[in-house]
Amino acid sequence: MYTEAKQRKGTILMRFMLLTVTISSMSSLMFHVVLPQISEEFNLSLTQVSWLASAYTLIYAFGTVTYGKLADRFQLKTLLTFGLSLFAAGSLIGLVSQTFAVVLLGRCLQSAGAAAVPAISLIIPVRYFKPENRGSAMSMTAVGVALGSALAPLVSAFVMSIASWRWLFLPSLLILLLLPLYRRYLEFEPKQEQQALDWIGGGLLAVSVALLLIGVTYQTWWLLLVSLAAFLLFLARIRTAKAPFIDPKLFENRSYVVGLLLTLLIAGIGISLYFVPPILLARVYEMDSSLIGFAMVPAAIASSILGRQGGKLADRKGNAFVLTLASCSLMTCFILMSTFTEISPALIALFLIFGNVGQSFMQIAMSNSVSRTLPADRTGAGMGLFSMTSFVAQGIGTAVYGLAVELDGAVSWNPLHIGSTSAVLSNLYLVLVVLHIAILVTYRLQFSSSKPNIALKPSAE
C-alpha cells in the first residue's frame, strides 16, 4: 500500500541513499589511482596488487544478488545495519593495516558490506513509491554514483598530497553516521515464513561469477568452461531445490529476461566511459595521470547535476522516452569520440558529458522498467540479480576493452576520422554505436509502452 506517509518516508530514505551511494562509489574508485604506490610499498607486482580491485568486484557482484535475496526474507534495516557495519569495519582495518594481506582483508570486508547498497537502493523505490513516481526516486542512486565518480579522483589526489594512501579508508567511516537514520525511517515489513536459504545454489552461482570474471580478466579460457559448468549446475539446482536461491519463475518472465540481457550490454558499454578515455588521453595526448583524472570530472559533475532530471522525465513521459533520449546522447558521444579522437583533450572532456549523462539516464530507465516486470514478493531477488548482472558486465567489459586497445595496425572504419594513431579506438567507438542501435530497437519492441505500467501483485504460489 503506497500511502502518502510511506512515500514521504521513501523520499527521506532515498536522500540518505544518495549520500550512501556517493560514499560507497567513491570508496570503490579511490584506490585505483594508488595501486602503483601500494605495489612499491609492499614490493609486489601490479598484477598482485590489482587483486585489491579484482576481489572487491568479485565479492560486490555476488553480494548484490545475495542481499537482494535476503531482502525478501529479512527487514531492510537489519540488512543495512549488517552491511554498513561490515563496510565500516573493513575501512577501519584498512586504515590501520601494515601488511598487504590486511589491506586486502579490509577491502574484502568493505566490498561485502557495500554490496548491500546497490540492491537496497533499487528495492526502496519499489517498496515505498508508486510505479509512476519511481523514476525520480531511482535517479537519486544515479546521482550518487556520479557524485562518487566525480569526488573519487579529487579526494584521492588531496589525501595523497598530505598523507599516506591508508587515509583513503577514513572517508568511508562517515557512512556510520547514516545508520541511525536508516533504522529510524525504514518501516517494519511483515515477512512470510521462509525455508532455509539455498546455500548450495548460492555457492554455485558465486563460483560461476568468480570464475567468469577471473577467466575473462586473465584470458584463462578453461576457467570460462568451468564457469559455464557451474552455471549449468546452478540452473539445475534452482529447478530441484525446495527453496531455490533464485526462483526459476523469474526466468519465465520474458520481459525480465530481456531486461537483464539489455542491462548486460548497457553496463558493459557504459564501463567504456571510464576505462577507455584515460587510455586515449595517455597514449594520444601523453597526459599525466593527475590531469587525466581532472579531465574526467566535468562529465561526472554534469551527470550528478542532470541525473535527477532523468528520473523526473521518466515519471512524466515514460521510461521509453528517457531510454531513447539516453541512447541518442550516448551515440552522439561515441560518434564524436570516433571522429575527433586526436583533436583536443578539451573536446574529449566535452564529448564525455554526453556519454555520462546518457548513461545515467539509461540506468534510470532500465532499472525502472525492469522493476515493473517483477511481482511484489520477488523484487528483492529480481533487483539483486539485476544489480549483479550490471557488475558482471562491467568486469567483462573492462577485460574486453583491455584486449581491444592492444590491437595494432587497424584501419579506421570511420571515413571522417581525423588522426593516424587512434584507429583502434575510433573503430571501438563505432562498434558501441551499432550496439546501442540494437539496444534501442530491442527495448522499443519489448517495452513498447511509454506510459508507466501497473505494479504487479505478489505472485500466486
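Cβ coordinates come from backbone N, Cα and C, glycine included.
Marked as domain 'Major facilitator superfamily (MFS) profile' by TrEMBL: 13-450.
For the transmembrane segment (12-34), same-chain residues at least 6 beyond its ends with a Cβ under 8 Å from one of its own Cβ atoms are 52-53, 56, 60, 84, 87, 91, 107, 110-111, 114, 117-118, 120-121, 124-125, 128, 137, 140-141, 143-145, 147-149, 151-153, 155-157, 159-160, 165, 168, 171-172, 174-175, 178, 181-182, 185-186, 289, 293. The transmembrane segment annotation in TrEMBL covers 12-34 (among others).
Taken from TrEMBL, the feature transmembrane segment covers 46-67 (among others).
Summarising the annotation, TrEMBL assigns transmembrane segment to 79-105 (among others). Residues of the same chain lying 6 or more positions beyond the ends of the transmembrane segment (79-105) and with a Cβ under 8 Å from any Cβ of it are 20, 24, 27, 38, 42, 44, 48-49, 51-52, 55, 67, 70-71, 111-117, 120, 166-167, 169-170, 172-173, 175-176, 178-179, 182-183, 186.
Feature annotation from TrEMBL assigns transmembrane segment to 111-129 (among others). Beyond the transmembrane segment (111-129), the same-chain residues lying 6 or more positions past its ends with a Cβ under 8 Å from any Cβ of the stretch are 2, 6-7, 9-10, 13-14, 17, 20-21, 24, 27-28, 55-57, 59-60, 62-68, 71, 76, 79-80, 82-90, 137-138, 141, 144, 189, 367, 371, 374, 379-380, 383-384, 386-387, 390-391.
As annotated by TrEMBL, transmembrane segment applies to 141-162 (among others).
Here TrEMBL flags 168-185 (among others) as transmembrane segment.
Note on the transmembrane segment (197-214): residues 54, 57-58, 61-62, 65-66, 69-70, 73, 220, 223-224, 226-228, 230-231, 233-234, 237-238, 241, 243-246, 388, 392, 395-396 of its chain, located 6 or more positions outside it, place their CB under 8 angstroms from a CB of the stretch. The transmembrane segment annotation in TrEMBL covers 197-214 (among others).
Here the transmembrane segment (220-236) has long-range neighbours at 201, 204-205, 207-212, 214, 245, 248, meaning same-chain residues at least 6 beyond its ends whose C-beta is under 8 angstroms from one of its own. Look at TrEMBL and you will find 220-236 (among others) tagged as transmembrane segment.
The transmembrane segment annotation in TrEMBL covers 256-277 (among others).
Sequence-distant contacts of the transmembrane segment (289-307) (same chain, at least 6 residues past either end, Cβ-Cβ under 8 Å): 33, 139-140, 142-143, 146-147, 149-150, 153-154, 156-157, 273-274, 277-278, 281-282, 345, 348-350, 352-353, 355-357, 359-361, 364. The transmembrane segment annotation in TrEMBL covers 289-307 (among others).
Residues or ranges marked as transmembrane segment by TrEMBL: 319-337 (among others).
Summarising the annotation, TrEMBL assigns transmembrane segment to 424-443 (among others).
Only pairs six or more apart in sequence are counted, and the transmembrane segment (424-443) with the transmembrane segment (141-162) gives fewer than three Cβ pairs under 8 Å, not enough to call it a contact. With a cut-off of 8 Å between Cβ atoms, the residues of this chain six or more beyond the transmembrane segment (168-185) that come close are 9, 12-13, 16, 19-20, 23-24, 26-27, 30-31, 34, 77, 80-81, 84-85, 87-88, 90-92, 94-95, 106, 110, 155-156, 159. In this model, the domain 'Major facilitator superfamily (MFS) profile' (13-450) carries an average pLDDT of 86.
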